[in-house]
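Lifted from TrEMBL, the feature list:
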- 22-43: transmembrane segment (TRANSMEM)
- 55-75: transmembrane segment (TRANSMEM)
- 87-107: transmembrane segment (TRANSMEM)
- 141-160: transmembrane segment (TRANSMEM)
- 172-195: transmembrane segment (TRANSMEM)
- 215-232: transmembrane segment (TRANSMEM)
Amino acid sequence: MALASFTARFKQFVTPDALRSYLAEFISTFFYVFVVVGSAMASRKLMSDLATDPSSLVLVAIANTFALSSSVYIASNVSGGHVNPAVTFGLAVGGHISVSTALFYWVSQMLASVMACLLLKVATVSQDVPIYTIASEMTGFGASMVEGVLTFGLVYAVYAGGDTRSGPLRSIGPLVIGLMAGSMVLAAGPFSGGSMNPALAFGSAVVAGRFKNQAVYWVGPLIGAAVAGLLYDNVVFPGHVSGRVNSDGTTGV
């Protein structure tokens, strides 16, 4: 009986629509990570001293804005365009997707990030994949707080961008999300890196083989995402369900 129940529940998450949503998350996350990490590698190759050249920060922020806006847009009608385990977590906490679906999304996002960083590592041959690090004067707790605040803003923008009451403005939701991410990178890049995305930090760490302060890019973003989702749905707009309903029953931007 228990086995039959498990099999029935598992089949719900491997339907054609569900598999398409996992693939959409993989593709969108892959290209997002490829652009963001690739832009960091490009700026390092073109500029001799990144620490004192603010243009490198601007380059990465612009790449983040364009990449996230585009990635959210191309996946929004299939998977909801999460592109980020923290966004998925925030939507799961808010009850917009099931925990099981969120776990499958996480697998797709994490695998996509590792594959994107691995491709960059292989294709560029001589270049190391950069990892997210915190400033020497910051503590892990402080950096985690920064990442939490950044991710709160990002996930809040995701909720607002998918709000059905936005009317015609909802069509620019992906752009708003990208702009929020880019501005956050400009604000916190020199301090915590401005990741806001556990998959982004994880993929580069796996390929580089360095996991120092990795918890910063999980604990802070997940807490910030959960608070943003709960605040938007239960305090700012109580009783309102935001986000598109996708073909597999999930909701997103």
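Using N, Cα and C of the backbone, Cβ positions are placed for all residues, glycine too.
Heads up, TrEMBL stuff is auto-annotated, nobody curated it.
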Feature contact check the transmembrane segment (141-160) with the transmembrane segment (55-75), CB under 8 Å, 3 or more pairs: no
Candidate ranges 87-107, 172-195, 215-232 - greatest C-beta contact count to the transmembrane segment (22-43) (under 8 angstroms): 87-107
Leading contact stretch, 87-107, 141-160, 215-232 vs the transmembrane segment (172-195) - CB distance under 8 Å: 141-160
